[in-house]
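**Q** Could you have a look at this structure, given as structure tokens, before my questions?
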Amino acid sequence: MGLLRIMMPPKLQLLAVLTFGVLMLFLENQIQNLEESREKLERAIARHEVREIEQRHSMDGSRQEIALDDDEDILIIYNRVPKTASTSFTNIAYDLCAKNKYHVLHINTTKNNPVMSLQDQVRFVKNVSSWREMKPGFYHGHVSFLDFTKFGVKKKPIYINVIRDPIERLVSYYYFLRFGDDYRPGLRRRKQGDKKTFDECVAAGGSDCAPEKLWLQIPFFCGHSSECWNVGSRWALDQAKYNLVNEYFLVGVTEELEDFIMLLEAALPRFFRGATELYRSGKKSHLRKTTEKKAPSKETTAKLQQSDIWKMENEFYEFALEQFQFVRAHAVREKDGELYVLAPNFFYEKIYPKSN
């Protein structure tokens, strides 16, 4: 390259640099176009598959409505928080759906926006509640909590979720935006090319690692109210806690994902029979690993922990962890380092009137 500079006149050197720059921009644009085309094709294929399923079940469009059995009239919604091992868990649901005879559907919102418009909320609630062909159904997507009773629905879905230590989640997301993961290693990420570590970002006061970026798990559980997305809102934290206890069937933590799966299998075998063994086999456990992730320094962690936002997100995480461990303590026992689900420990007696 040095010899080329000596031999080439300055004007030609400038022209070569400009040509190279234009070529790189062109290639990046082509890659982006290909990615958008792939996404459009995936959506078209998904719509085609849905139409085929509906036609298969329609019976000439005049089939009489027959009440579904309780085991069939079930909807699970997993409104997954980004970077909480959600892909690992969701792929277990995909692996089991054919064997356990249920449907899995991804809720694909534009640009992964967790807040739906009011009209989309109505369409979504009406659609999943009346879509008999997709029952029993397991829906998953990066969508904040939605209260179905607000729309006059008689039967609510079963909500589940997983959350993670707030700083660990943010660090994982920071590196994911830059280096991707081993699930789709060839995909170009939004911040690709930015080599700055998380520690360097915090030291420089960068926006991608600011304490405000911690504010995610609380609004996901709080829901679609405007105050939920007001960073640092005490009302949002209280509402998120209320929903976790009253609206969610079970909320696990990433750090104890196997126990979460075990409890789901024990309580909802219609969906999760075989899930624990599948997770333990290693085929899907920790499927998606963020590339080039570096643990933050003690100084970085201490700096983030000074933030009121971290204190609130951590309070919510500790609240969820305590609730999960309470549920687990009453459902399983440990023996020789292994957890075992408790057998049923109630029965009925003194039944009156006596049958003849």
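Backbone N, Cα and C define each Cβ position, glycine as well.
OK, Swiss-Prot features for this one:
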- 24-51: coiled coil (COILED)
- 29-356: topological domain 'Lumenal' (TOPO_DOM)
- LYS83, THR84, ALA85, SER86, THR87, SER88, ARG164, SER172, TYR279, SER285, THR290, LYS293: adenosine 3',5'-bisphosphate binding site (BINDING)
- ASN108: N-linked glycosylation site (CARBOHYD)
- ASN127: N-linked glycosylation site (CARBOHYD)
- HIS140: active site (ACT_SITE)
- HIS142: active site (ACT_SITE)
- CYS201-CYS209: disulfide bond (DISULFID)
- CYS222-CYS228: disulfide bond (DISULFID)
**Q** Hey, does DSSP put HIS140 (active site) in a helix, a strand, or just coil?
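**A** DSSP call for HIS140 (active site): strand.
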**Q** Taking the Cα atoms as reference points, how far is ASN127 (N-linked glycosylation site) from ASN108 (N-linked glycosylation site) in Å?
**A** 14
**Q** What's the CA-CA gap between LYS83 (adenosine 3',5'-bisphosphate binding site) and ASN108 (N-linked glycosylation site) in angstrom, rounded?
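**A** That comes out at 16 Å between the alpha carbons.
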**Q** Would you mind reading off the Cα separation of CYS201 (disulfide bond) from HIS140 (active site), to the nearest angstrom?
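**A** Per the Cα atoms, CYS201 (disulfide bond) and HIS140 (active site) stand 32 Å apart.
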**Q** Of the recorded positions ALA85, ARG164, CYS222, which sits closest to ASN108 (N-linked glycosylation site) by Cα distance?
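**A** Closest candidate to ASN108 (N-linked glycosylation site), judged by Cα separation, is ALA85.
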**Q** Have a look at the recorded positions HIS140, HIS142, CYS209 and say which one has the shortest Cα distance to TYR279 (adenosine 3',5'-bisphosphate binding site).
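**A** Answer for the nearest of the recorded positions: HIS140.
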**Q** Taking Cα atoms as reference points, which of the recorded positions ALA85, CYS209, CYS228 is nearest to HIS142 (active site)?
**A** ALA85
**Q** Of the recorded positions ALA85, THR87, ARG164, CYS209, CYS222, which one has its Cα closest to the Cα of HIS140 (active site)?
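**A** Given the candidates ALA85, THR87, ARG164, CYS209, CYS222, the nearest one is THR87.
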